[in-house]
Amino acid sequence: MNLPDTESPAAIFLMGPTASGKSGLAIEIARHFPVEVVSVDSAQVYRYMDIGSAKPDKSIQIEIPHHLINLINPDESYSAAQFREDALSVMHGITARGRIPLLVGGTMLYFKVLQQGLATLPAADEAVRKELEQSAREQGWPAMHTVLSRLDPVIAERIKPNDSQRIQRALEVCYLTGRPMSAVLKQQQSRDFPYRVFNIALLPGDRSVLHARISQRFDKMLEIGLVDEVRMIRDQFQVTADMPAMRCVGYRQVYMYLENEISLAEMRERGVFATRQLAKRQLTWLRAMNELHGFDCLANQLAQQIIGFIQKQRIFA
């Protein structure tokens with residue numbers, strides 16, 4: 001990806017695991033600088049999913065412009081590609097108004113796709129697949145994995161020797177493109193992301209404190225009506241467990257409880273555990289990112305630290 005030049009408009013990315021305080025910090029930033037908030041959250045795109053997605057309340061939305069929330073109903077789907085298109089459109093509008101987009105959220109895939117685009121892989125080829133299947137019958141999939149290791153060691157390292165489906169697909173891409181699948185995946189739809197990005201990451205200095213926050217947060221959601229929220233969505237939209245909205249952390253566990261698959265106590269336990277696992281994945285994404293300005297989300301005077309950092313970047317005229 002070619003980097004935008006210094007004349008490109010600025011954008012601030014505020015990223016972090018769930019329960020790290022992103023939303024509160026976004027409000028503080030918006031009260032100090034001419035920004036508009038763009039949600040980067042795969043649950044907040046859904047209407048009626050307010051409590052479990054921790055949407056800002058109506059008064060905050062009136063005070064501070066928020067974008068990309070309440071886009072679709074819970075029985076609909078929303079892709080990373082759609083997010084990229086919508087986000088770029090919204091960001092262009094914010095910039096045209098002389099303001100700075102402040103992108104806030106924890107859906108790390110959305111952040112990545114927004115900046116890097118989506119890689120395009122060739123469609124399946126029946127003839128190549130038949131040839132690969134024949135070779136596998138003769139040699140076995142572990143031997144095919146060895147072939148893949150020579151052609152694309154990066155991808156082979158991620159695939160188990162008996163994972164026939166993924167081995168076949170990786171080899172198929174190699175044969176169809178003449179390039180390793182790992183190289184193809186780096187080729188993005190867009191050469192340039194037309195913004196200078198300032199990446200701010202909230203990283204907990206003490207993971208156990210973040211875990212305690214997650215437990216308290218989930219309990220608060222239950223206290224203020226998460227079960228009733230999911231019940232209304234289930235009854236009004238006839239959603240099922242395999243729909244994207246009900247695969248969101250918290251919603252899945254409450255849905256299982258409403259379907260009498262688990263008890264109330266188990267729902268709470270599973271909800272907290274799933275949220276902690278989500279936070280772990282989010283932190284893994286963040287630690288793999290480049291050009292990241294990290295702040296301890298548990299630090300005292302965190303808002304002042306981040307506001308001071310933004311001021312030093314001379315983002316605003």
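Yeah, the Cβs are placed from backbone N, Cα and C, and that goes for glycine too.
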| request: State the residue range annotated as region 'Interaction with substrate tRNA' by Swiss-Prot; the candidates are 7-12, 247-252, 271-276, 301-306. | output: 247-252
| task | Would you please say which range out of 75-79, 95-99, 165-169 has the annotation region 'Interaction with substrate tRNA' in Swiss-Prot? | result | 165-169
| message | For the annotation region 'Interaction with substrate tRNA' in Swiss-Prot, which listed range does it cover: 41-44, 57-60, 65-68, 133-136? | response | 41-44
| field | Cα-Cα distance linking Thr107 (site 'Interaction with substrate tRNA') and Gly21 (ATP binding site), given in Å to the nearest integer | value | 15
| task | Sort out for me which one of Thr18, Ser20, Ser23, Thr107 has the most neighbouring CB atoms within 10 A, since those are the recorded positions we care about. | result | Ser20
| message | Among the binding-site residues Gly16, Pro17, Gly21, which residue has the fewest other Cβ atoms within 10 Å of its own Cβ? | response | Gly21
| Reported mean pLDDT - the region 'Interaction with substrate tRNA' (165-169) | 94
